[in-house]
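> Taken from Swiss-Prot, the feature FMN binding site covers S15, V16, S17, M94, Y95, N96, F97, T138, R139, G140, G141, and the record attributes it to sequence analysis.
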Amino acid sequence: MKILHIDSGILGEHSVSRRLTAAIVSQIKADRPDADITYRDLASERVPHLTGAQIMAPADLEGVDPDLAADVRIGRQMLEEFLAAETVVVGAPMYNFSIPSQLKAWIDRLAVAGKTFRYSEAGAEGLAKGKKVIVASTRGGHYSVAPASAMDHQETYLRSVFGFFGITDIEFIRAEGLNLGADQKQFAIAEAEKTIAEGNVFKLAS
């Protein structure tokens, strides 16, 4: 089993999303010691955002500036890691009602026509079918119910973009209300970790 583990939280050891993705991957490893895990820390790697030059670069990169060529190769490697993975574990904190810009930059490297999606006369078709995506979703407030749910451009975006890639098996393990007091934070984390510890994650990833 190939696992791709992605962290995007910028708070380092204080990041709850990192804590949860580590627990998810640890649970999978305990049940599947043979799991082959690739890890990327998008906050420390500082994935460059897309540029016109990157998009227009020739496939063979002949004559391309060395820095631009390196940027293109990073994107290609990220795409190959994603395509090779059977299960993708993503740490996705909510920042200002959406996802971290680092995570968006990574997703932009995955959204490649002919690789993760294609267009035909019938419309768009996802090409990354058969994968499992597990998202550790963390939020300072409560956004899973109305009226605040209208401001959720985090989970809704991730479900949409992975769905666009053809992935229908998407699970969110959520810890929200983290900024609403110490008791609420402790409760939310404990509930998320309980879900992971019960082994539900491995069943989803198998």
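Count begins at 1; order follows the chain as displayed.
Glycine too: its Cβ is placed from the backbone N, Cα and C atoms.
Could you give the neighbours, burial and distances for every feature on this list?
In three-state terms derived from DSSP, Y95 (FMN binding site) belongs to an extended strand segment. Other Cβ atoms within 10 Å of the Cβ of Y95 (FMN binding site) number 17 in total over all chains.
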> Pairwise over S15, V16, S17, M94, Y95, N96, F97, T138, R139, G140, G141, annotated as binding FMN, what's the top Cα to Cα distance to the nearest Å?
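Farthest-apart Cα atoms in S15, V16, S17, M94, Y95, N96, F97, T138, R139, G140, G141 are separated by 17 Å.
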> I'd like the number of other C-beta atoms within 10 A of the C-beta of S15 (FMN binding site), please.
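The Cβ of S15 (FMN binding site) has 20 Cβ neighbours within 10 Å.
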